[in-house]
Amino acid sequence: MAAILRYQLELFLLAVSFFSRIPVPVSLPYSSERMNQAGRYFALVGLLLGAICALVYSLATQLFSTNISVFLTMVLSLLLTGAFHEDGLADMADGVGGGMTAERRLEIMKDSRIGTYGSSALIMVLLGKYLLLTELADLTSLVPVWLLAYTLSRAVAASLIRNTPYVSDTDSSKSKPLAQQLSGTDVAVLSLTALATLLYFSWQFIGVMIAASLIFRQIFRQWLIRRLGGFTGDCLGAAQQLMEILIYLILLAFLQHEVMI
């Protein structure tokens, strides 16, 4: 049992090292197989990041206004992840916006330079998050909001690996170890982690959020297959960012119509 728990802890720390800038022991064992299995903890890494952001936001509100506290927490989030998912969103936007064929889109996505489409997507998403979070802060505590959004969005993004073709042909791609299909156990861990953050909310909200997550996943997956033939690591980052925005929108819709969440 101790060996099993140690192995799972090592997988979690591997996920932390891949999906964030949080330091982990340099002696952590690594292999492509372990990295693929670590995908099951993508949502748990989100929960950790959300908890850190929630704590810092709570402390910041003791010194600054809500708007400044939200801004500082967003900056912290970017530092914690190295803008990992935002980078994926920008690359995908450039590729899909600038390419006429799937091959050309994938080629553009490999270019590290950011273009007009990527810049526009980043501005809109970051501005959208700021506006939504400041609106939500006037209506409810942001602590459970950070936890839910950071966890569920990553669970949905990682679940795409389960049954979506991987289309990058770059052997050195940073997401290559995650390209294998997730096992049933991996999906179960992702789902249970996300569900844990939903239990704070009402059953009505939980039902809507689960339905919205499944619908978003299906629509985004089909769109990726049509436009690219499958997914790349950049697409997972884009999925996380868009799903996070969707979560904030649904929360705000519930609260503004005075429906209990």
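Placed from the backbone N, Cα and C atoms, the Cβ positions cover glycine too.
Worth saying up front: this structure is predicted, and the values here are computed from it rather than measured.
Feature annotation from Swiss-Prot assigns transmembrane segment to 9-29, 41-61, 64-84, 114-134, 141-161, 196-216, 235-255.
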Next item on the list: Take the transmembrane segment (196-216) and find every residue of the same chain, 6 or more past its ends, with a Cβ under 8 Å from one of its Cβ atoms.
Entry: 47, 50, 144, 147-148, 151-152, 155-156, 242-243, 246-247, 250, 254, 259-261
Check: Hey, which of 64-84, 114-134, 235-255 has the most Cβ-Cβ pairs under 8 Å against the transmembrane segment (9-29)?
Finding: 64-84
Margin query: Ranking 114-134, 141-161, 235-255 by the number of C-beta pairs under 8 Å to the transmembrane segment (41-61), which range is first?
Written below: 141-161
Checklist line | Same-chain residues at least 6 beyond the ends of the transmembrane segment (235-255) whose Cβ lies under 8 Å from its Cβ atoms | finding: 84-89, 91-93, 125, 128-129, 132-133, 135-136, 139-140, 145, 148-150, 152-154, 156-158, 160-161, 175, 178, 205, 208-209, 212-213, 216-217, 220, 224, 228, 261
Check: Sequence-remote contacts (6 or more beyond its ends) of the transmembrane segment (64-84), Cβ cut-off under 8 Å?
Finding: 19-22, 49, 52-53, 56-57, 126, 129-130, 133-134, 137-138, 142, 146, 237
